[in-house]
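See below for the structure under consideration.
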Amino acid sequence: MKRYLLLEDGTTYEGTGYGYEGETNGEIVFTTSMSGYLETITDPSYAGEILIFAFPEIANYPLNLEHMESSKVQVAGIITKDAHAIFSGGESGTGFNEFLKQNMVPAIDGIDTRSLVEKIRESGAIKGYIRNKNEFPDKFEDTMDLDLVSRVSIKKYKYYNSGHKKEILFIDVGTKNSLIKRLSETASLHIVPYNYDFFNIKFHYDAIFIPNGPGNPDHSSLEPLRAFIREKSSSMPVMGVCLGNQLIALSMGGKTEKMKYGHRGINHAVLIGNRVYITSHNHGYAVNGDSLKGTCMEICGTDINDGTVEMIKHRELPVFSVQFHPEAYPGPYDSTWFFNDIKTTLGEKI
Ligand SMILES: NC(=O)CC[C@H](N)C(=O)O
């Protein structure tokens, strides 16, 4: 079945449709990961985004549903060069095509993803539609302006007792399962929605953690959360990953900005101190380094290729966060020391 990718700049790409038969729209972004396709498409940070796999062969190994990073596929759509879409097998017995149908996510294959990625590298992330007809919509919606966190955040408080005495207030702005798993190796978790009644919390907790999540970190719906981080950071450890890192920077008087086309992939080199770590990335926004001047936060890690701020910490207090993904999934384990830092911050032995 023919399907079309329609871009805001007037370009049309024709391909073969697979997955769900409806249409979709979003910001078109690309990942350079060669593996971990299931972990990637189920990461809630991708809400509102149509994902191009820059690596040509995708879904060429079976789905193992245990590797899902949330309960469903979160990308708005998928663009591939050569997806092994009907490949079935593995524990689930479900092929990629069938899985995307069940998850109501449209995909398009046979696209010249190399030229598309080059276009985005030149002009920046672009809005687009995947449609069954070659007909441009009246308007290209800016999905990054939407309150995406409300779509993916947990709806009700949940206690995750991992047998550890220390307790973390884990604010779910769109977490990946692997982050919950990694943190639960250090503490029990009070997992709360992003819009929880933060100033009336009755239970005890020793630290706050804010994970990854979709959309613009400066969105107005996140202001009560930023105010809470601002207030609590003077009295207890606050740590974060990706969206969490951006929210901490904003809370402390810094600014964030939209990147030209973001970082999405699993081999981004980050310099921290005098060491380079190969890290997993998925971000379209970044902390503006200059905006931290005169604040209590300092930059302690940057991306080697473009200087993007990748780690910040408080000059005096135990408040620190990373833009990259130390939990990997998918990605290399170079930066798992981040979880040891959390452990020692909580007074636990490594
Ligand atoms: N993975 C994330 O947490 C992404 C954070 C934010 N939505 C961004 O794109 O930069």
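Counting begins at 1 with the first residue displayed.
Glycine is no exception: its Cβ is also placed from the backbone N, Cα and C atoms.
Look at TrEMBL and you will find CYS242 tagged as active site, nucleophile. What TrEMBL lists as active site is HIS325, GLU327. Taken from TrEMBL, the feature L-glutamine binding site covers SER45, GLY213, GLY215, LEU243, GLN246, ASN282, GLY284, TYR285. As annotated by TrEMBL, domain 'Carbamoyl-phosphate synthase small subunit N-terminal' applies to 1-131. Here TrEMBL flags 1-164 as region 'CPSase'.
Location within the structure of each feature annotated in TrEMBL.
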{"residue": "SER45", "record": "L-glutamine binding site", "CB count, 10 Å": "29"}
{"residue": "GLY213", "record": "L-glutamine binding site", "CB count, 10 Å": "28"}
{"residue": "GLY215", "record": "L-glutamine binding site", "CB count, 10 Å": "28"}
{"residue": "CYS242", "record": "active site, nucleophile", "CB count, 10 Å": "30"}
{"residue": "GLN246", "record": "L-glutamine binding site", "CB count, 10 Å": "30"}
{"residue": "ASN282", "record": "L-glutamine binding site", "CB count, 10 Å": "28"}
{"residue": "GLY284", "record": "L-glutamine binding site", "CB count, 10 Å": "22"}
{"residue": "TYR285", "record": "L-glutamine binding site", "CB count, 10 Å": "19"}
{"residue": "HIS325", "record": "active site", "CB count, 10 Å": "27"}
{"residue": "GLU327", "record": "active site", "CB count, 10 Å": "25"}
Non-site residues, in chain order, whose CB comes within 8 A of the mean position of the CB atoms of SER45, GLY213, GLY215, LEU243, GLN246, ASN282, GLY284, TYR285 at L-glutamine: GLY174, ASN212, PRO214, ASN216, PRO217, CYS242, HIS283
Other CB atoms within 10 A, centred on LEU243 (L-glutamine binding site): 30
Nearest of the active-site residues (CYS242, HIS325, GLU327) to GLY215 (L-glutamine binding site), judged by Cα-Cα distance: CYS242
Within 10 angstroms of CYS242 (active site, nucleophile), Cα basis - recorded positions out of GLY213, ASN282, TYR285, HIS325, GLU327: GLY213, ASN282, TYR285, HIS325
Between GLU327 (active site) and GLY213 (L-glutamine binding site): CA-CA distance (Å): 14
Those recorded positions in GLY213, LEU243, ASN282, GLY284, GLU327 whose CB falls under 6 A of ligand 1, listed in sequence order: GLY213, LEU243, ASN282, GLY284
Rounded to the nearest Å - Cα separation of ASN282 (L-glutamine binding site) and HIS325 (active site): 8
Distance from TYR285 (L-glutamine binding site) back to GLU327 (active site), taken between C-alpha atoms, in Å: 19
Residues SER45, GLY213, GLY215, LEU243, GLN246, ASN282, GLY284, TYR285 [recorded L-glutamine binders]: greatest CA to CA distance in Å: 13
Integer Å distance between the CA atoms belonging to HIS325 (active site) and TYR285 (L-glutamine binding site): 14
